[in-house]
Each structure stands twice: as structure tokens, then as C-alpha cells.
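Listed in TrEMBL for this protein:
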type     : residues : note
DOMAIN   : 54-155   : domain 'Phosphatidic acid phosphatase type 2/haloperoxidase'
TRANSMEM : 23-45    : transmembrane segment
TRANSMEM : 52-69    : transmembrane segment
TRANSMEM : 89-108   : transmembrane segment
TRANSMEM : 115-134  : transmembrane segment
TRANSMEM : 140-161  : transmembrane segment
Amino acid sequence: MSFSSLDAQILYILNSYAGFDPIVVFLSVAGADILWLLIAAILFLSISKEKALYYCSMMLFLVGAVALIKSQLMVLRPEDVRFVVEASGYSMPSAHSTAAFATAMFLYPVAKKYGILIWSGAIAMALSRVFAGVHYPSDVMAGAVLGIMIGYLLLQIEAYFQKKSI
């Protein structure tokens, strides 16, 4: 069995569970801006304005990076599946997954006591895209890896500038 057929088989199995549709729709809608704006507002109001600025910068960079990668890879979205939500454009990497894992990577150092919730939320966001039929598992895995890398990079940049200001 090839990787692509395994990828498709996992997609078809997860996509067949209609019982998760309300959760999938919620995560897709929340992941389309609402959640990220809410996190930026919470950072701005409760942690620091600077942290919120870094977060917003990360999200802008992420949007550009994902768009560039998608335009180069040109991986088509799944076909012959039950679409729970609408999606357009190319599939790899998943922007929702990238944003969720970048956010988790960025938030975890300042909210370690919520670590399980933070990382579980990122995983749920990624899986919801497969359940929705708009991404293959490899798309969300690529998004997770890219998101972790972007989150890590931003943390390193933030640490560098904090050392410079001391």
C-alpha cells in the first residue's frame, strides 16, 4: 500500500463519521479568524501588548508562508468525499493546522498549566479538517510541522529582541 492510498483511506474513514459534524463546523468557523482574533485580544489585555504584537506578526507571516507553499506544491483537495464545510484553493499545507500549531507553540511557554488544552485544541483543529473532507491527513501533518517551526522561529526572534532591550 502506497503512502497516498493510505492517506486517502484514512481520510475516507474519518470523513464517514457524520456524528462529529457540529464540532467540525464549529472548529472550521472558529479557525477561520474568530479564534485567532480572540487569542490576540486576550494576549493584548492580559499578558502584554508586545506579546500580542508578536502573535499578530506571526499570523500574518504564517498566512503568507502558507499561501506561497500552496502555490508551489499545488496539491488538489480531496475528491469524492462528504464535504462538511466549504473550502477552496490548494490543500497542502492546511492553513488551519498551521495556525493552530503555531499558536500552540507560541502560547505554551506563557500558559504551561493549560498545555494539555492548548495542544489538544491544535490537534482537534487539525483533525477537524480531515473529518470535514477538505484535507488529507498529510496536509494537516504538514501544517502541524510548519506551524511548530513558525511558532518556534517567532519565539526565538522574540527572545532575541528581549535580550537586546535589556
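Each residue, glycine too, has its Cβ placed from N, Cα and C.
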Considering the transmembrane segment (115-134), which listed stretch of 52-69, 89-108, 140-161 counts the most C-beta pairs under 8 Å:
89-108
Over the span of the domain 'Phosphatidic acid phosphatase type 2/haloperoxidase' (54-155), count residues by DSSP class, listing helix, strand and coil in order.
75 helix, 0 strand, 27 coil
